[in-house]
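Input: a single structure, listed below in structure tokens.
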Amino acid sequence: MPIKTFQLGRRIYKILSSFKASVLEPLTWSPKCSPNFPLKMTTEQENNDVDIFVPPSTVNGMKILDKKQFSKTVYVPHIIASIDNLPKVLKVVKKYLLKVPNCTPVESIDGTSQKKILLDPTKFKNCLEASEREKLENVGIKEDDVKMCSINLTYDNWTAESILKAVLPADQEGVASWSIIGHIIHVNLREHLHDYKHLIGEVLLDKNKVLSVVNKVNSIDSKFRTFQIELLAGKEDWLTQVKENHCTYHFDFSKVYWNPRLCGEHERIVKDLQAGDVLYDVFAGVGPFSIPAAKKHCRVLANDLNPESFNWLKHNVKVNKVTDAVTVFNKDGGEFIREDIKTDLLKRWAASDFKNIHITMNLPAMAVEFIKNFKCLFSIEEKTSNFVSPIVHVYCFIKNAEDSSKAAKDLVEVELGTELGDNLKRVFLVRTVSNNKDMMRVSFTLPETILFGTQSEDGEPTAKKACLRDDVETSQS
């Protein structure tokens with residue numbers, strides 16, 4: 001029978017190529033050994049260390065999941081310790097412990113009071129430090145207690161990331177990430193991965209505590225922010241529940257927009273709100289801005305054009321027990337600004353029962369276009385001594401720009417018809433959507449010249465002229 005040899009420390013181990021032996025010769029450490037004296041290994045052993053915790057290369061290109069093909073035998077160091085010594089030994093070798101999914105690094109040895117401690121060979125390939133050797137010797141661990149053994153890794157021991165990396169073509173972009181929405185995993189698969197889509201779905205279903213895996217098959221509808229989805233694995237059940245920023249949201253994922261990658265942005269905006277503030281949420285969705293704001297004792301007017309979003313928004317307001325703080329609307333965003341925001345602002349200014357006023361406009365594909373609805377929203381006679389200009393947080397997509405922040409600011413200024421100047425509070429990169437596409441937020445105080453149409457040098461209201469130009473352009477289009 002052929003024999004393979006490699007050098008580990010100062011001893012040559014003989015391993016049968018059949019890998020039937022479960023325990024090999026003990027490792028050796030020498031009093032002369034130090035961190036600066038690495039173990040000498042053959043090229044074969046070094047390569048084995050690199051590939052030891054990845055699935056077999058034979059699974060590459062697999063399109064129909066065959067879990068049996070992911071089995072692999074590997075060799076790892078281990079220490080035999082008594083139960084009494086176990087806590088002390090673990091304290092010394094903690095950083096070397098084998099960490100593999102569904103594999104415990106400490107095993108009982110049948111019929112004995114001893115434990116087998118499995119170590120990671122990629123970490124344990126250098127000599128122990130002198131202090132560590134001394135500590136092990138102090139608790140009765142000697143050279144003969146450190147040995148090699150074989151373990152069998154199966155499909156259950158590999159992560160979803162490692163499986164997909166092993167299966168999918170190495171020369172093309174794989175599945176870089178996915179979103180988890182309640183019991184649903186959502187992926188955006190590129191065309192070259194379509195032949196693997198059901199395998200991808202099965203793997204993600206197996207490796208995550210979810211019931212469904214879906215793929216987006218078309219772009220987002222800019223009107224309702226929804227998209228068509230296909231089931232890759234699991235149940236066709238789109239009614240889900242999500243917890244975000246201490247709030248609970250229920251919705252039908254196939255009929256509303258929800259992006260868990262915006263959790264941090266929702267939190268940032270709400271963090272800036274104070275009790276007594278007013279929030280106008282123009283494109284509220286199912287309530288990720290509105291509901292946590294209401295929980296902070298803000299007064300909220302929340303609107304969404306999508307009837308499904310509107311219904312789930314009402315439902316979530318009740319679920320989170322903020323019905324007294326939130327008024328919901330189901331109308332076009334422009335109409336909501338011109339009618340409901342205008343009416344409520346006049347009431348707030350007259351009563352002075354607020355601290356600050358915020359307006360969120362999270363429809364990045366087209367929200368900037370709705371800014372024009374603030375032009376000449378009020379006559380100069382409606383301005384009161386309690387006037388406070390609202391702070392607008394508008395979102396947009398910027399593509400192929402050298403400076404996304406400048407491009408986002410310019411986009412807003414073009415829609416306003418004026419420079420923001422000191423009214424600009426912040427331009428923030430929310431997230432990078434894809435190569436050359438950023439989601440940006442521009443936060444600014446609405447200029448009085450926009451809201452009221454103050455006088456320009458020629459005696460005409462600056463904002464009023466802008467409104468007239470918009471009216472002419474609208475009538476001609």
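Keep in mind that glycine also has a Cβ here, set from the backbone N, Cα and C atoms.
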- According to TrEMBL, His266, Asp304, Leu305, Asp332, Gly333 bind S-adenosyl-L-methionine; identify which of Asn215, Asn218, Asn362 is listed for that same site. Asn362
- Task: Could you say whether, by DSSP, Gly333 (S-adenosyl-L-methionine binding site) belongs to a helix, a strand or a coil region?
- Result: helix
- Item | Densest Cβ neighbourhood among Asp304, Asp332 (binding-site residues), 10 Å radius | Asp304
- Item | Among His266, Asp304, Leu305, Asp332, Gly333, Asn362, the record's S-adenosyl-L-methionine binders - longest CA distance, Å | 22
- Message: Can you tell me how many other Cβ atoms are located within 10 Å of the Cβ belonging to Asn362 (S-adenosyl-L-methionine binding site)?
- Response: 25
